[in-house]
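Asker: Straight from TrEMBL, here's the annotation block:
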- 42-75: repeat 'TPR' (REPEAT)
- 76-109: repeat 'TPR' (REPEAT)
- 178-211: repeat 'TPR' (REPEAT)
- 212-245: repeat 'TPR' (REPEAT)
- 246-279: repeat 'TPR' (REPEAT)
- 280-313: repeat 'TPR' (REPEAT)
- 314-347: repeat 'TPR' (REPEAT)
- 382-415: repeat 'TPR' (REPEAT)
- 416-449: repeat 'TPR' (REPEAT)
- 450-483: repeat 'TPR' (REPEAT)
- 484-517: repeat 'TPR' (REPEAT)
- 518-551: repeat 'TPR' (REPEAT)
- 1-22: signal peptide (SIGNAL)
């Protein structure tokens, strides 16, 4: 949400109405004009300066204020208005010097304190700005702008409640001040009080019907409340009063996306870009939603444009990195996470995502180091603990892994992945009942968690609860129709139950969704062998070997089928290959002896 500050320099227009003229004595000869005194010259140049200031001709105004100061070095208002000109020209430091001189010669100059506060605010020196606003209020207790801008500084400092108190004081002195209601609404939004914030944005609109920012921020609150259509209506009103408002189009696009109107969402991001082709946030948001539509390459192009217009845009680098991760370009992704870190050293998400990529590259220790950095900058980062636990498990550090899964759960008791990973670990330890409890918790917090259903099924199989196991595989398939592992595992159970044809159907589905899954070909081959279809079985063992050359059991059962077809020598050769890839394969040695005996071959 954009927090807009209403800071306006107050021009002190002290025009003098007294016209100074020289008295003429009609009885005397006409003499030369009297030379004006310094005070007169000072006021003359001061008033000329004010006239130029009203016309926004700041350089000409300053020349005259300098002349006024030349003739009257303690002219507080001349210093003050010169400061106003410098402020308008963006020269905040020079402006403050002049406000200080105005205060030196008039210590009660409320407007000088106020405008000095404006300069400090623009320089993001909020505490010093607040002190200046306090002095402005001291000398002018009804100074509404001082209360408003003090409130803005407090809001920028995260002191939302104190900010609200100042906006309330502004409203007390000017009950129809739209800016006070607007900024109070912004603070209420920051405090998560969206309904109250909306009421104040409505009051801002009541007193200023063209207040575009009030419509936009009202839309933001409606979005937070899930009222996407109403939010869109508010953004449409903002666009009505400001047809080129980039922020309104961006936020409208976000709401349209939430309503599933993806094309319209993209159109609004494009309109934002049309009205401001250099607006990094328009490209960033378009990229974000293209990512959600899994259009990763197009998303990357938009993140690149966001970076073009804002080279230090850390969020754009991190999201570009995530897209590259999804495309399997882990090294390129890491480069982008490093750039995000370069521009934002304490960026926990960047370290986390870098860790995920390093995990994918098998660099588990480096991954752990990055998860630790993510935790350093965000000590409650549950996902970082969870993924650190996964890497520790891969390094054989089981106890540390469990501790990290528990920390993930501590900081996010609804963290489905943490429960799932702890369950996998307990499964490995043979603690199937405990593992099932954790898979159930993973499912509780993520009812579509197909991995949890599949792993729960595996544990139930180990406990001999075959029917319940199959039910869990079916649930995994329900939530992910192309989930090869679930079809594969269900096939294994159907084989155990002697339902060979049904098992084959499931192995075929596993192969359909994962064509290079060697184990699926192998198990289908086993079922075909049990049905006496030895030639078909051999084809599937060969396919299993194609995708996993060292799968020893495929050679063993291929040998069995060859033997059944009377191809004794080929059967023995197949078993010898099994021994080549698994020298401890007892079954292969036994079968070779049997085949040789039955074929009359000497040992």
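Every residue number used here counts from 1 along the chain in the order it is shown.
Every residue gets a Cβ built from N, Cα and C, even glycine.
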Asker: Could you give me three numbers for the repeat 'TPR' (76-109), the DSSP helix, strand and coil residue counts?
Answerer: 27 helix, 0 strand, 7 coil
Asker: Please report, as numbers and ranges, the same-chain residues at least 6 past the borders of the repeat 'TPR' (212-245) whose CB is under 8 Å from any CB of it.
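Answerer: Distal contacts: 1-2, 4, 178, 181-182, 185-186, 189, 192, 194-195, 197-198, 201-202, 204-205, 251-252, 254-256, 258-259, 275-276.
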Asker: By DSSP, what is the split of the repeat 'TPR' (518-551) into helix, strand and coil residues?
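Answerer: Per DSSP, the residues of the repeat 'TPR' (518-551) fall into 27 helix, 0 strand, 7 coil.
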Asker: Quick check on the repeat 'TPR' (416-449): DSSP residue counts for helix, strand, coil, in that order please.
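Answerer: In the repeat 'TPR' (416-449), the DSSP-based counts are 27 helix, 0 strand, 7 coil.
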